[in-house]
C-alpha cells in the first residue's frame, strides 16, 4: 500500500505511537540520503569552478569570493530550505510529489483536466479528497481558467515542459556528477595524473555501470547508497570546518547579505552572468519533491535541516575560506582544499557519492515518465515494479537505456563540466520556476488561501528564480542548448501522443453504437451466442464502441456473456483495490452484457498477477447479487440501461466460492482438443504469465437466492469455464484529406511512428496472446 501523508505526523499525546512514528521517520530519513540528497550533496565538487571560470576570471579576489559564498548561502536558505522544505513539501498529493502531483491536485479542485473518461463516481474515491472537507472555490480566476480550453491546454503544456526538463536533468546530472568526481585524477601532485581521454573513459565506464544497476530497484540502491552519502556529508563538513579554522575564520562574516551587495558592486554585469554557476549549488533540490512518494515529508525535512543543510553551508564556507588565501586554486577548488593526507579517501568517497547523486534524478525520471503515461501524454513503455514492499519504486528499461546513451553523448561531446553545468542550470531552474507557478495555483485553488498569499509567494520566488534563470539562459550558446534541445524533443513527443490519443478517443465517442439499435436486435443480437465470455476492450466509459458493431455485422457468432472493459486513469496517485472496479449493465438482464471500468491512479502499477479474470468474474457476480437487493441499481423499462455503475470490492468472495483448479484440462470446456493443446503448450512456453486456474461455485448454504439471480450466476460460471476471449481494436489513425499539412505531419508521421514503436495496448494490459482477438479499425481524424 502507498504511504499516506499522515503517517509522518508525530502524535505527542500517545508516547508509544510517538516513538514508533519517530523511529519510522528516522529510518526513512536515513534511506532518503541514498535516494534524494546525493545530487544536492555533491554540488560542492563544481560550484566555485563554475562561478569563476568565465566572466569572473578577472575578479578572483577575496572580497568577490566572500560575496560568492554569501550568494550560495542565501540561495540555499531561500530556495531549498524555505521554499521546498517548509512550503512545497506540504503540497503533497496523498504523499506524492512532483509537478504531476501539483497538476493532479489542481485538476481535482478545478475543471482543468483534459483526461477523457472522467466520471462523477471518480470523485467518490478515497484518495480523491484532499484534507478536510471544504466547499469548492468559486473565484473569478478559477471560472476564467475553466471556461477557456486554450488556457487549460497551456497549463498542460507548462506541466509537460517541467516534466521534460526533469528528463533532461536525468541526462545531464549523471554526466556532470561523475565527470566532476573523476577530474581529481588530473590534479598536479596527486601522484597519478591521467590524460583527458583516460579520465573520460573512466567516467563513461562508471556511467554505464550506474545505469546497468537500475534494474535492481531503488530500495536496494538506497540501502547500499545511504551510508556513502552520509559519510560524504560528514566528511565535507569536517573538511569545511578545518578550512574555516585553518585558513580564514573571518569567512563567517560573509553570512551577511551585505557581501552580496559588495559582490555586485565589484563585478557588475559579469556578476549577474556568473549567477548560472551559483544556482548549481541548489541543483538536485527538485528531487526532494519529486521523490516524496518514497518517503514522508517529515523524514525529508528532518534529513535536510539537521544534516544536509549544515554540512553544505560549512563546506561552501570552508572552500571560500581556503580560496580567499589560495586564489589560484579555483579551477580545482574542492580537491585542492582537501588536506593532502585525505586526498585519496576523499576521491574514492566523492566518486561513489557522485554515482549516488545521479540516482535521485534517475528515479525521479522513471516516476515522471510513468505519471505522464498515465495522463495520456507519453507512449506506452514497459514499467517494472522493483519492490514488493515499497509502493511506487519502478524501473523503465527503455527510458533507462535512452538516458544512458544521451548521458554518454553529453559526456563525450563536451568533456568539460563547465559547459555541462550551463545546461544543468537551465534545466533545474526551469523546473523550479514552473513548480513555483503551479504552487501558487495550489495555494489559491486547493488550500483556498487569499490570492494575496499566492501572489506574494509567486512574486517573491519568481523574482529570485527569474534572476538566476535569466543568467542561465545567457549560456545557451555555451552548452545550455543541450537541455533545451532534450526538453524540446520530449515535449514534442508528449504533445503529439496526447493530441493523437485525444483525436482517436473523440472519434470513438462520436461513432459509438446506438443503444436503441442494440436493443432492437434482441437478446440474441441477431447472431448465435456461443459459450464463453468475451471481454471487449475500449477507452469508452459509456456507450458501446464501434468495434462491437463491426463484429456483430461480420461474424456469425458471439459469446454468451459480453463485458465491455474500460481501463482508465484518474487524477489521483493511487486507487484502493476495493475501489478499483466499477460494474454495471449495458442492456436488460437477458442480454448478459455488462460494463466494467477498471480505475488506476497515476502512480499505480498494473501488475500481471494472472488474477484479473477471476477478480472480474467475482466483481460481476457481486454486482448481480447487489442489484437484487438494491432497487436503485435494477433496470426498468423507463430508464436508460447504460450509466448506472456500482463500486465492487474485489476482496469480497461472498457471492461465489473459489477453489483452485490444479489441472486446467479438467475444466469442462467447449473448446476443441486442438485449442486446449495449443493453450497448454503456450502456458508451458510462458510460465511467467501462467494464469491462475480456479473454479467458481455457488455456496451450498446461504440466504435464499432469487431464481433469476441464481440462473444468471450459473450462466456466468458456465461461461467462465468455457473460456475467456479478449477482443481489442487494432487501430490505424490517419488524418483526413482535408486536414492541414501540419496535422497530416503530426498524425500520419509523428503519431503513427510512435504507435508502431511503443508497446502495444494488449502487451501493456497484460492480455494473454493466445486469447486475443484483434479487430482492424481505421480512424480518420
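In case you wondered, yes, glycine gets a Cβ from its N, Cα and C as well.
A quick note: this is a predicted structure, and the numbers were derived from the prediction, not measured.
Among the ranges 221-245, 246-270, 546-570, 571-595, the one that TrEMBL lists as transmembrane segment is 221-245. For the ranges 106-128, 129-151, 451-473, 612-634, the feature annotated in TrEMBL as transmembrane segment maps to 451-473. With a threshold of 8 Å between CB atoms, the same-chain residues lying at least 6 positions outside the transmembrane segment (342-369) that come near it are 34-42, 45, 98-100, 163, 166-167, 169-170, 173-174, 177-178, 180-182, 184-185, 190, 206, 209-211, 214, 218, 221, 225, 228-229, 231-232, 235, 239, 284, 286-287, 290-291, 293-294, 334-335, 378, 381, 392-396, 399-400, 403, 603. Taking pairs at least six residues apart, the transmembrane segment (302-322) and the transmembrane segment (64-86) share three or more Cβ pairs below 8 Å and count as touching.
In this chain, the transmembrane segment (155-182) lies close to the transmembrane segment (194-214): three or more C-beta pairs between them fall below 8 angstroms, excluding pairs fewer than 6 positions apart.
By the count of Cβ pairs under 8 Å, the stretch nearest in packing to the transmembrane segment (272-290) among 194-214, 221-245, 424-446, 451-473, 479-497 is 424-446.
Taking every recorded stretch in 64-86, 194-214, 221-245, 390-412, 479-497 and counting its Cβ pairs under 8 Å to the transmembrane segment (424-446), the highest total belongs to 479-497. Note on the transmembrane segment (479-497): residues 157, 160-161, 163-165, 167-168, 171-172, 372, 376-379, 406, 410, 414, 416, 418-427, 430, 472-473, 746, 750-751, 754 of its chain, located 6 or more positions outside it, place their CB under 8 angstroms from a CB of the stretch. For the transmembrane segment (221-245), the list of distant contacts is 30-35, 37-38, 41-42, 44, 213-214, 251-252, 294, 307-308, 310-312, 314-319, 321-322, 337-339, 342, 345-346, 349-350, 352-353, 356, 359: same-chain residues at least six beyond its ends, Cβ to Cβ under 8 Å. Among residues of the same chain six or more beyond the transmembrane segment (390-412), those with a C-beta under 8 A of the stretch's C-beta atoms are 1-3, 96, 167, 170-172, 174-175, 178-179, 200, 203-204, 207-208, 211, 214-215, 217-219, 293-294, 362-363, 365-367, 369-370, 381-384, 420, 423, 482, 486, 574, 603, 605.
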